[in-house]
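> Mind having a look at this structure? Questions to follow.
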């Protein structure tokens, strides 16, 4: 399908002409070059791929997929997600090529919504994006803290063998330590930070390859059948939900959560060479490879998930952490020791740590751009770069907000999980809004960049918008019946709160002064 229009004479990454072209394009969009532009197309891809990190996303949410539908909702549901999510990525890539700025989504909305609606569209998109990113950082680093706790639990004998079960305060302390390390690494110059993101990309691929190989080799004696992996439907969810379509819909959320965060490529455009081509390629390639490797990892994992009720039982040695219990059992049955399973969990933990670094990076660049346009409280504080051309202040703002968000874990676990759903919904709403404006108000006026979808752009855009709308509804559905305080899905409340605060802030205050993206280029 001939969807790409791009000159074959693309300047190489180190060509001064390319740097001048990037700088000139950024000035056309209203901004002067302030961040160091040192990332190649591979580095840009690496940031998104390490942030998406299917090794992290699948592991953190596997219990949800296993409980709601089981193997069929994950292995086949993943393919459904990949197809529709691919449409979202393609549409975002096309818009990113036209407007390569660190502001990304909120800047796109301002340019595509039309003059009258630009400020409001930009404001709403920006706040959904940044709150979603803060929640994503929280969910990923907190998932790492929980995984570390499970590794310690199994390594000291397990829940039923006198193992150490960390309290919620200890888990929060581990989480805080991880955040601080993330902040320190993100305070380094972009060249060093790029190395960590390259390492994150490598570790995702190498980690999946290693885990899949070990699972197939060690678990060959008690592996599930192909029929089980692709057709077994788990209705024993213990949540009072029996309708199969409903169960599949809820189970699909595991797949959707696992492939999110690829707007990182857009937020790194002002630090990327040949940004109008490199960033779109970063978005598309990260989603395509994440979808492929994620499915391979899912299939391998599901092949050792033969006793679903036991693996989900909170009284097992891993406290109901299905992947941890299954990997531990697989090695223990084969060798009489579960150490190999702990090593596998260590690989996952390392990938999750590297993913958290990338999340802070993307989050800080979004915060930097949003502050540059005066949209955040105390914008002058956050819109500063240090001598290494790093937005140092907003890096630590991202760390601080993520820690505050995790304090809800000390209260209601249900409310905390709902808050984490904002990580997915917040970002996908922010993804969907500029695409919606692209196919409606800007349908005829949109001027594509180096990458464009040609005549397929509007069709793919509408599919993307429909998928974002559906995902938003699915994440808001009740996850248990009868509905009670301890199982109520607070996601609509959390998302509604973001919407209410952003719209309320607009009506009461921002509409009088916020005009959308502000040019900082001297006349």
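The backbone N, Cα and C atoms fix where each Cβ goes, glycine too.
Nobody curates TrEMBL annotations by hand; they come from automatic prediction.
As the structure is a computational prediction, the values presented were derived from the model and not from experiment.
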> Among the residue ranges 41-62, 239-260, I'd like the one that TrEMBL describes as transmembrane segment.
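Spelled out, TrEMBL records transmembrane segment over residues 41-62, not the other listed ranges.
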> Given the ranges 317-338, 339-360, which one is assigned the annotation transmembrane segment in TrEMBL?
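It is 339-360 that TrEMBL annotates as transmembrane segment.
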> Could you check whether the transmembrane segment (74-96) and the transmembrane segment (169-186) come into contact, where contact means at least 3 Cβ pairs under 8 Å with the two residues of each pair 6 or more apart in sequence?
no
> List, by number or range, the same-chain residues at least 6 past the transmembrane segment (142-162) whose CB is under 8 A from its CB atoms?
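Same-chain contacts beyond the flanks: 56, 59-60, 170-172, 174-175, 178, 315-319, 321, 324, 328, 338, 341-342, 345-346, 348-349, 352-353, 356, 406, 409, 420.
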> Near the transmembrane segment (169-186), which same-chain residues lie under 8 Å Cβ to Cβ, leaving out any that are not at least 6 residues past its ends?
137, 141-142, 144-146, 148-149, 192-193, 196, 353, 356-357, 359-361, 364, 390, 395-396, 398-399, 402-403, 406-407, 409-410
> Relative to the transmembrane segment (339-360), which of 41-62, 192-218, 283-305 accounts for the most Cβ pairs at distances under 8 Å?
192-218
> Tally Cβ pairs under 8 Å between the transmembrane segment (283-305) and each listed stretch (41-62, 192-218, 390-408), then give the stretch with the top tally.
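Most Cβ pairs under 8 Å with the transmembrane segment (283-305) come from 41-62.
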> Sequence-remote contacts (6 or more beyond its ends) of the transmembrane segment (390-408), Cβ cut-off under 8 Å?
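35, 133-135, 137-138, 141-142, 172, 175-176, 179-180, 182-183, 186-190, 360, 363-365, 367-368, 371, 381-384, 415-416, 419.
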